[in-house]
């Protein structure tokens, strides 16, 4: 610990940003072989980051040699909002001070200990309330400066001649358990809002974990992936907010306000029509899966009865009982949970598992307990 503190003191002057004099935490992590860095949760020991194409290690000096500018900017809070709040707090402080003065100058001699404890508690609560209000008197709101973000991470350089984004990759996991309790349309809208996020496409990945292993969720996600080919380009082209289709099409405000592109009205009507058809397909999936499974089940029963007649020509044909499976569109059994519970195909037999690898595969031992 002492060695780490001495190292920080000796290098802190070098790691100051020349423009502002603030401590450059990114450079500190890089030059001291910190464990975190650009593009990966685990920073390689040699200080660089790997290139997926040829495997060579590239030093991120280009990112840190660029003139430093803050990635966020302060947003000014209107005085019409802040001044009444400050006035209200001031009035409450005056009233609270007068109340405490009255409590202290008017003791209850019949229960002096009870009076003393109550006064101490009231002073403590007043002090804690004051500490809670002080930061709110001068609030600071910040917003991401998109121009600086683009200049820092998406500007062409010798190591990045095409200007490909240097932003870190993001993996987003969406969990669901039961399509009867969590409607597939809600899950599909969540996936669509993630895919339409304003982030480089090659840096964004979305994963779905269905703990119930239901075919309904699987086919709903397939429909969502198909509709995303329409929804995502529409969101990126016209800067749509919110990016959840259901929330966007249910907005009360005028959807055409501040939209300057001449083809917005045409695109919105087309996407709205596509979304209505998408909802009809999603809501019709349970009946579609049930009818398909019944048809395949009836076909299998007929096959089984024909086979029984061929094997037993002299004996009467009895009813054949076949487990009622859930069938996929290609005519095969769904490997997950069936609508009608069966051995190895009930809800408890196919629990989804999410495993997030924070450390890339290597020969080094894993930290922690391995089950």
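Positions of Cβ are set from backbone N, Cα and C atoms, glycine also.
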Practice task
Let me know which member of 166, 198, 211 TrEMBL also records as binding UDP-alpha-D-glucose at the site of 175, 181, 182.
Solution key: 211
Handout entry: Neighbour tally for residue 181 (UDP-alpha-D-glucose binding site), based on other Cβ positions within 10 Å of its Cβ
Key = 8
Practice task
Within 10 Å of the Cβ of residue 211 (UDP-alpha-D-glucose binding site), how many other Cβ atoms can you find? Include all protein chains, please.
Solution key: 18
Completion exercise
Around the Cβ of residue 175 (UDP-alpha-D-glucose binding site), other Cβ atoms within 10 Å, all chains included, total 13
Completion exercise
In whole Å, the longest Cα-Cα distance within the recorded UDP-alpha-D-glucose binders 175, 181, 182, 211 is 13
Handout entry: Other residues, Cβ within 8 Å of 175, 181, 182, 211 Cβ centroid (UDP-alpha-D-glucose site)
Key = 176, 177, 178, 179, 210, 212
